[in-house]
Amino acid sequence: MASEKGPSNKDYTLRRRIEPWEFEVFFDPQELRKEACLLYEIKWGASSKTWRSSGKNTTNHVEVNFLEKLTSEGRLGPSTCCSITWFLSWSPCWECSMAIREFLSQHPGVTLIIFVARLFQHMDRRNRQGLKDLVTSGVTVRVMSVSEYCYCWENFVNYPPGKAAQWPRYPPRWMLMYALELYCIILGLPPCLKISRRHQKQLTFFSLTPQYCHYKMIPPYILLATGLLQPSVPWR
């Protein structure tokens with residue numbers, strides 16, 4: 001049964017939570033909003049406590065803002081161990097990917113997991129290579145699924161009383177299409193996902209244009225989930 005209360009007043013992250021409308025407009029997979037939003041959590045060493053907050057683009061991309069802020073606070077030394085999880089409305093561009101890799105090379109005790117709602121300009125070869133290089137360097141990059149949307153709603157959003165279980169339900173197919181394209185990027189395959197926009201009605205359309213290499217390299221369970229492969233029906 002859902003709680004009739006909103007986030008507890010004792011929650012130390014309450015003042016840093018974003019509003020429900022912000023979460024909906026920033027993290028909707030079909031909404032191609034230009035601005036980016038970052039929800040993040042940090043676990044320091046063996047501590048059981050998790051520090052959560054959020055950030056948005058300024059004159060710099062939100063990823064760079066985070067790295068600069070964390071470095072300037074003085075808590076992070078070359079031997080400091082911490083685990084960082086990002087929930088990004090857009091995946092990092094190639095320049096941010098380079099900055100992230102440079103940061104991690106200077107702080108080998110830091111681990112980073114990145115969940116993204118959308119892929120930023122995924123047709124750009126530099127952005128594709130940047131994401132691939134992140135994964136190669138040990139960063140976990142994944143597309144947000146239903147469980148991540150639920151988690152973010154409960155832990156980062158100032159939801160109204162009685163709305164703890166009422167996070168936005170976006171069609172899983174959009175998430176699967178982005179996940180398929182991310183898989184293509186990691187494997188070094190050509191783009192498979194095409195996104196088009198009709199500006200008059202502000203409608204976003206997703207389509208898949210697979211090639212032979214996609215069918216050859218991508219696991220069947222992913223192709224089945226996105227409808228690119230039909231399940232076999234046994235003969236009787």
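The chain as shown is numbered from 1 upward.
Using the three backbone atoms N, Cα and C, a Cβ is placed for every residue, glycine included.
Copied over from Swiss-Prot, here are the features:
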DOMAIN    10-134  domain 'CMP/dCMP-type deaminase'
BINDING   HIS61, CYS93, CYS96  Zn(2+) binding site
ACT_SITE  GLU63  active site, proton donor
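Features recorded in Swiss-Prot, as mapped to the structure shown.
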residue: HIS61; record: Zn(2+) binding site; CB count, 10 Å: 19
residue: GLU63; record: active site, proton donor; CB count, 10 Å: 26
residue: CYS93; record: Zn(2+) binding site; CB count, 10 Å: 19
residue: CYS96; record: Zn(2+) binding site; CB count, 10 Å: 24
8 Å Cβ shell about HIS61, CYS93, CYS96 centroid, Zn(2+) site members excluded: VAL62, GLU63, VAL64, PRO92, TRP94, GLU95, SER97, ALA99, PHE120
Distance, CYS96 (Zn(2+) binding site) to GLU63 (active site, proton donor) (CA atoms, angstrom): 6
CYS96 (Zn(2+) binding site) - helix vs strand vs coil (DSSP): helix
Per-residue pLDDT averaged over the domain 'CMP/dCMP-type deaminase' (10-134), given as an integer: 89
Helix, strand and coil residues within the domain 'CMP/dCMP-type deaminase' (10-134) as assigned by DSSP: 45 helix, 29 strand, 51 coil
